Every structure is written in C-alpha cells, then in structure tokens.
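Summarising the annotation, TrEMBL assigns domain 'Acyltransferase 3' to 11-362. The transmembrane segment annotation in TrEMBL covers 15-34, 54-75, 95-117, 149-167, 188-210, 222-240, 252-269, 281-306, 318-340, 346-366.
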Amino acid sequence: MPTTSNTGRISSMDALRALAMFLGLVLHASMAFMQSPFEGFYHVPDYSSQAFDAVFFGIHIFRMQLFYVIAGFFFRLLYYRIGTTAFMKHRTQRILVPLLVGLFTILPLTYLPAVFYRVTDGGTHFTLADSRLIIHDIFIWRGPLHLWFLYYLMMFYIIGLGIRQWGLYIIQKIKWLDSFVKSLSKPAIILPLLAFGSFITLLLFSTITVEYAPGLIPKPSFMAYYGLFFFAGWLLHEYMGTWFPLLRRYSLLFVMLGTASGIYLFRLLQAGNDATTPMLWLKALATLTTLSLVIGLMGVFLKWVNAENATVRYLSDASYWVYLVHVALVNATQLCLGQLSIPGSLKFMLCVIIPLGISLFTYQWFVRYTVVGYYLHGSRKKKSVTV
C-alpha cells in the first residue's frame, strides 16, 4: 500500500474537511440575500445583491464534491488502520447515530424558526393554539435537509465495503480489468477519467450544477455523481505518495483555473445566456470549475495550512457540530434581523457571525466533553491547569 506516515498531511485533509463544513454556514446565510431567491426559503424584504448569488454559486459548485473526496480518503485510511468490523462500529457511532438522532431532534429544531415566524405572523402574536400548531408543524416530514449527506455517506461506506470484500476478488480474476484498476495510480490516466466521469454523471441532472437531494429514497444520479468523487478519494489515499507532491506543486494553478472558469460560467448564467448557450458547454464549464477548485484547494491546504496548530485542530473537531446545528441558527438570525433598518451587508455578516458564535459556544460547553462529543469525534479530555 503506497502511503506515507506523515500525520501533518493527514491533518491538513482533516482541516480541509472542516472548511467544507464551515462553508455550509456561509452558503446558507447567503441564500436570504440573493437576487435569485430560493422558493420556500426566507428572503430579506429590503435588500438583495448579486454578490450573494456569486457567494452561493462559488461555494455550491465545489463544496460537497470536495467533502466526498475527503470522505473517501479517510474511508480507506481508517479501513486499513482498524479493519472491517471496527470500521463499521466507528462509522455507526460517528455517522449513523448522529443521522438517526438528528432526524428526530435537529430537523424539528431546524424547521422551528420558519414555522414560528409563519404561525405567529412574524412574532406579532403567540397563543396556546399557536404553540400547538408549531409543535405539530415542525414534526411534519419535509426531507432530510442538510442531513442528506450523512445518509448518502453511509450508503457509500456500505457499497465501498462490499466492493472491497468481493469486488476486488472478481477484478483480480479478470486480467484486463485488473490492469485498468492498477493504471489508476497514474495522474495522466485518472485525471481525464475523473473529468469525463464527473461530466457524464452531471448530465444526469436537469440543472447546470448539482441540485438538492430531498427524500430518503436514493437517487441514482446522486449516487453516481458523488460516488465518483468518493472513489477518487479512496484512490487519492492509496496513491498519495504520488499525488500529494503534484497537488502541492500545482495548487495555485488549479485554483486560478477554477476561479477563472467559475467566474466565466457565473457571468454566463447571470446574463441569461444559459438559454442560448449549449447545455453541454455549460456543464463542461461546471465540471472544469469543480475539479479545478477541489484539486487546487487540496494542494493549498497540503502546502500551506499548519493543521497541527491547536486552534485548527479545535475548529476541525467543532466543525461537525457547527454543520449539524447551523441551519436552524442561520434561519432564526435571518428572521430576527430581516426587518431591522441596518445595511444589508451587515445583516449578512451577522447571519454568519451570530450562528457561528452560538454553535462554537454550545460546542465548547455542551458538546466537546460530553456524550454528544464522544459520538461526533471521540472522547476529548479537559486540560488540567497547574498552579
């Protein structure tokens, strides 16, 4: 297994995963300020800016793809470190239990701000009948919301273990297939294949970029698209001795390429040219932007981010909790600030800072050293203070 024992490199990937989590907060905060608001989501009545359409687009086009690459990377790392049985126990604790508990706790609390606002007409009244209606409405099933990624992640783990246990045996018996799999260690082969595969699977969606995945019935399009990035993460770990130096060397080049293609695509969409521009070209641009930013950001973190720093490690630990609870906090903050006569840009900043502050505060005092923290990231011990 061609791997390296450099823990700093692994920590850099962990820090990048945390970034993907935190960016979810910024993405959801921006939705209330976009010029093209989402149907069914709150939008501030007195302010909108194309800048927030750009923020949403710029994050959405690569964030979950990056997350699934990193998830596949750590899947292989953990699997070979602890074995099949221990791996399933570990993932059940860290992913499945939070998902199941979250469906009955986090989701109702996520719906609460919008339901309260609607039932009470923006807080102008609150009666016993209102409270009963609110309690009823927050438990109405509307899909897994932001918890969908945990659901798909568990499915990828199960499929991945099945392929690892039985698929490799079949592959090794078929010479041409075995040779093809071994060739995936070569960048000149895997990069074009990843680009082609992600482009083809993106064609399964009716939208230019990947849409939201509601419901608990697995969608083949999402399984194929995100599964490809998950598999790429597995290969990245298997051949990181080859890949990591290349990622560091060309990181800025890929970031600049992804930024340039992303800006070009965004301008096409904002100008309304998506109606006249061939869909294949738009999806090709989206694929180029996604892959370039995913590859570039991995290289940037490997080269420049000191993930062994205590603050970075702490934020990496906290990021899972922040992601789980941030949507409710963002929604509540947007609703509270929406009618205030303050600059729209300040409202947006507060819609990021306040939920982030509350989630980090609750993490420190109610999660990190409790049973909740044990399930999210394992036990953490308080540092003893010596006098």
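Cβ from N, Cα, C; glycine included.
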Criterion met for the transmembrane segment (15-34) and the transmembrane segment (346-366) (at least three Cβ pairs under 8 Å): yes
Seg_contact(the transmembrane segment (149-167), the transmembrane segment (222-240)) with at least 3 CB pairs under 8 angstroms, min sep 6: yes
Tertiary contacts of the transmembrane segment (281-306) (same chain, 6+ residues out, Cβ under 8 Å): 8-9, 12-13, 15-16, 19, 61-62, 65-66, 69, 194-195, 198-199, 202-203, 208-209, 229, 244, 246-259, 261-262, 264-265, 268-269, 274, 312
Annotated stretches the transmembrane segment (188-210) and the transmembrane segment (95-117) touching (3 or more Cβ pairs under 8 Å): no
Feature contact check the transmembrane segment (95-117) with the transmembrane segment (318-340), CB under 8 Å, 3 or more pairs: yes
